[in-house]
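Trainee: From TrEMBL, for reference:
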- B:61-249: domain 'ABC transmembrane type-1' (DOMAIN)
- B:12-30: transmembrane segment (TRANSMEM)
- B:60-87: transmembrane segment (TRANSMEM)
- B:99-123: transmembrane segment (TRANSMEM)
- B:129-153: transmembrane segment (TRANSMEM)
- B:174-198: transmembrane segment (TRANSMEM)
- B:231-253: transmembrane segment (TRANSMEM)
Amino acid sequence: MTEIAGKAVELGGIVKRFGAVTAVHRMDLSIEEGSFVTLLGPSGCGKTTTLRMIAGLLDPSEGDITIKGKSVTRTPIHKRNLGIVFQNYALFPHKTIYDNVAFGLKYRKQSQSEIDAKVRQALDLVQLPDLSHRYPRELSGGQQQRIALARAIVIEPDVLLLDEPLSALDANLREDMRVELKRIQAQVGITTIFVTHDQSEALAMSDRIVVMSKGHIEQIGAPEDVYVNPASAFVARFLGNSNLVAGDIVSRSASDVNVTIGGLGGLKVPLGRSRDMADGERAMVVVRAERLYLDQSEAETPADAVSLPAEITAVDYQGQAARYFVSVCGHQMQAINPIETHPYRQGDKVRAVIRGRDCALVPFEASA
Amino acid sequence: MSGWSLIRLYTIAVYLFLFLPVAAVVLLSFNSSQFGSFPMEGLSLRWFVRLWENDAIVRAFRVSILLGALTAVISTVTGILAAIALVRYRFPGKGAVTTLLIAPLLIPEVVLAVALLLFLRWLHLPKSFALLVLGHVIFTLPFVVLVVQARLVAIKPEYEEAALSLGANPVQTFFAVTLPLLLPAVLAGMLFAFTMSFDDITGTMFWKPGGVETVPTQIFAMLRNSISPEINALGTVMIAFTILLPLLGMAIARKMAVHRR
């Protein structure tokens, strides 16, 4: 096997078929030592299947999985040295918290005093040092979550696998646990693969995000990169609220692309990922909802922007901001704008301002 | 009189029909009279003492308990393995295996009994105690499989996956996680098997080797001669045994289930 220093996990041409259905298509991925990587996508995109193959809970139909330079494709799960946190925690209900956390250590030939010390350390790490004699059912969801994490980390695994670990928690707790999980991961420095369908979790926690759709990788990148420069219409739509409109590439310079959008006019968009698109080609222009500014003043339009007459068709009031559904020259768009005094009302006539530098180009997609 | 009170009356009548004979047997077993019939003359435990002094009955009791225990253990071990295969694994012919395992439940016991005897004849093997145990395992196994299967379905595979991921091999995982979580069902299945075996007469009549009697066949044999009040006492002991034991077991199982949730 090829040994590459600094790579914790490598997937080489992984394929998983279930009968006639292919859940994962020839996937290549390499994950750096110590990084927090998120597999993000809607249900059925193959993210959980991929995680289960790395874990050894599923055998890939084709391809090779390498952990720390060693092929583990034929290694059974109990010899892979992985920590897994399951969606519903899967704490052993018949064992105390202490015995749950100590479980993995008992199969690692350690002395009782070593086990004691490590369990105490792990419980301290998750800030629940006093629960060792309780049973899982006596703990709240958030506490069970922390214990599940402690149980997975205490064995010092090569990789930590998290399968939607936050989805069973309620909204407030979820955001707290997000911060907590990231703190523990950074403190231990453990390579982590996190599976979620929640884009805000992915953006908040990851070093790198792997966006998946229909068993394929759509894009791999840092959160900001994936958000600002989506590689496809799918990524643009899946992360945040985006407006996608078809346009034609007119010309390009070293840093910008000039596009005309039917009925909306011309825009100068940063080159970004659209390097290999040719002049005259059709493309999709991505306008983030929070970058579509609605304005009723007579302020002057910036030079690189277009200003278009628009009408509010619906308002989704969110407190500090509002999401407006607007009709811009016949295009239905969404705009998320902060509220200064009063939100606009349905039927209000406004101007929609789009700046070229806030936009991105992705390959044309007919269905959009 | 309204429709509901008619139904109530009918229900009471049905229960009386079902349980009056049983109550009569229990009552008469404490009767001091030589004749096992009403009116009772006085209370006495003499028939229970006579029972204890009757070698044939004590021997039959030993046989029944040994037979029941062996049946329960073999049925339960086999049943757990079968249930795990049926719930946790996919394999060709799973549907057929399920049907075959449950089939003894649907086939009349007489047919089963004769079939096993004919099979044995075909193999040129004599009747033996081992055969008797085998027969009992065949008709108790479906119950154990059904009970354990129902429980296993409710145990999420994540528990086992978690144990495996923590480094326990599949056998260690079974003993550390699966079996403890299955225990209430295992206990219930075992009690079922024991009680069914202890009670059985049809199959036992066909399969038992000469000279071996279980409690039911012993009672049957005694009835052919005379109706002694001893039989009432024996009946009472049997009832106590087959009702109290499962109740006790279920109480334990329920307590454990609450504890483990």
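A Cβ is built for glycine as well, from the same backbone N, Cα and C atoms used for every other residue.
Can you tell me where each of these features sits in this structure?
Mentor: Packing against the transmembrane segment (B:129-153) from elsewhere in the chain are residues 67-68, 70-72, 74-76, 78-80, 82-84, 86-88, 101-105, 109, 112-113, 116, 120, 178, 182, 184-186, 188-190, 192-193, 196-197, 200, 203-204, 206-209, 212: each is 6 or more residues past its ends and has a CB under 8 Å from a CB in it.
For the transmembrane segment (B:231-253), same-chain residues at least 6 beyond its ends with a Cβ under 8 Å from one of its own Cβ atoms are 22, 25-26, 28-29, 31, 36, 47-48, 50-51, 57, 183-185, 187-188, 190-192, 194-195, 198-199, 215-216, 218-219, 222-223.
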Trainee: Within the same chain, where does the transmembrane segment (B:60-87) have neighbours whose Cβ lies under 8 angstroms from its own Cβ atoms, ignoring anything closer than 6 residues to its ends? I mean 6 or more beyond.
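Mentor: 94, 97-98, 101, 129, 132-133, 136-137, 140-141, 143-145, 147-149, 152-153, 174, 178-179, 182, 186, 189-191, 193-198, 212-218.
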Trainee: Determine which residues of the chain contact the transmembrane segment (B:99-123) at the Cβ level, with the cut-off under 8 Å and only residues 6 or more beyond its ends counted.
Mentor: 82, 86, 131, 134-135, 138-139, 141-143, 145-146, 200, 202-203, 205-207
